[in-house]
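Undergrad: Before we start, here is the structure in question, set down as structure tokens.
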Amino acid sequence: MASITLDNLVKAYGDTEVLHHVAGQIEDGEFIVIVGPSGCGKSTLLRMVAGLETVTAGQISIGDRVVNQLEPADRDIAMVFQNYALYPHMSVRENMAYGLKIRKISKDEIARRVEEAADILELRPYLDRKPRQLSGGQRQRVAMGRAIVRNPQVFLFDEPLSNLDAKLRVQMRLEIRKLQQRLGVTSIYVTHDQVEAMTLGDRLMVLNGGYVEQFGTPIELYDRPATTFVAGFIGSPAMNFLPATAAEGSVTLANGARIAGSGTAHGTVTLGLRPEHLLPDEGGPVRVRVELVEQLGANSLLHGQLEGTDTEMVVSMPGHMSAAADAVMAFTPTADSLHLFDPETGKRIAE
């Protein structure tokens, strides 16, 4: 196991810079998730750590070694990809052992490592099967087993669950987390799925357009998002953003409604309200004209517009509820649930 240091990393293709001064310290045994939309640079960053992409500027250290110039095979890492990349003509046992054979590990040691990994991943009954005889989840376990047998210092996961259906994704992400906790190996995991990121990561690095928007625990990102991008990306449904004016410890919405708050912000702001932090209240200041209601079973999502404006809003309410189209419902934000952002920079306004 080892720590990883990303020191002011830059990646450019010709004159086009795609990663901009990425920095972060990943502690020994930590599970870090790099999350962001397609094209934000997350897989490029992972491939730089792996040695599959060159570093334009900056430095990557694994443990006490700077690895910029090291080949992937010399970095003591193991990768698990979206594509399982299993050899179809080999059994599960042979697929898991292949990398060790290339490294000329003894047969006894190979057998021991393969069987140990198979027990961890509950693959022992399938060791003599071919990949075509396995389900998608079992194939992904084989790919993880192939990484485990190498006893690396670092695991790198590049969207490993993207090819699985929704139910299997939930099952496999729990298995990956339990596996990492059991082995204690420093891990970096890339995904575009914020729910996957929140449930897996000790900390999340949110990328947007090649820049790090925020690097912190899931709860830090949820409770105190540093920017409107993070606020809108982390949490489901996404945060509501309302144009407003702050003064004297309160916030006034575009329709004149006033919300009591705290802090010293003054002037034009963007008010962020999470859909789950709005409580029904007949005299509440946030009045929403209903367009439709989504019944999800455990909760209901009310879609509409802030009364008197064209600002779209979503409210999440527990249990079952119904409301006629064009009805107006009033809500009050829960205590300490107001998020204020600078409308020009998108950055959080200090409270």
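Using the three backbone atoms N, Cα and C, a Cβ is placed for every residue, glycine included.
What Swiss-Prot lists as domain 'ABC transporter' is 4-234. Positions annotated as ATP binding site by Swiss-Prot: Gly36, Pro37, Ser38, Gly39, Cys40, Gly41, Lys42, Ser43.
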Undergrad: To test your reading of the ATP site: which residues beyond Gly36, Pro37, Ser38, Gly39, Cys40, Gly41, Lys42, Ser43, same chain only, put their Cβ within 8 Å of the Cβ centroid of those residues?
TA: His192, Leu207
Undergrad: Whose Cβ, among the binding-site residues Gly36, Pro37, Gly39, Gly41, has more other Cβ atoms within 10 Å than any of the rest?
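TA: The most densely surrounded of these binding-site residues is Gly36.
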Undergrad: So of Ser38, Cys40, Lys42, Ser43, which of the binding-site residues has the fewest other Cβ atoms within 10 Å around its own Cβ?
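TA: Ranked by other Cβ atoms within 10 Å, the binding-site residues Ser38, Cys40, Lys42, Ser43 bottom out at Ser38.
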Undergrad: Through the lens of DSSP with three states only, how would you label Ser43 (ATP binding site)?
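TA: DSSP call for Ser43 (ATP binding site): helix.
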Undergrad: I'm checking region-level scores; what's the whole-number mean pLDDT for the domain 'ABC transporter' (4-234)?
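TA: The answer is 94, the mean pLDDT of the model over that range.
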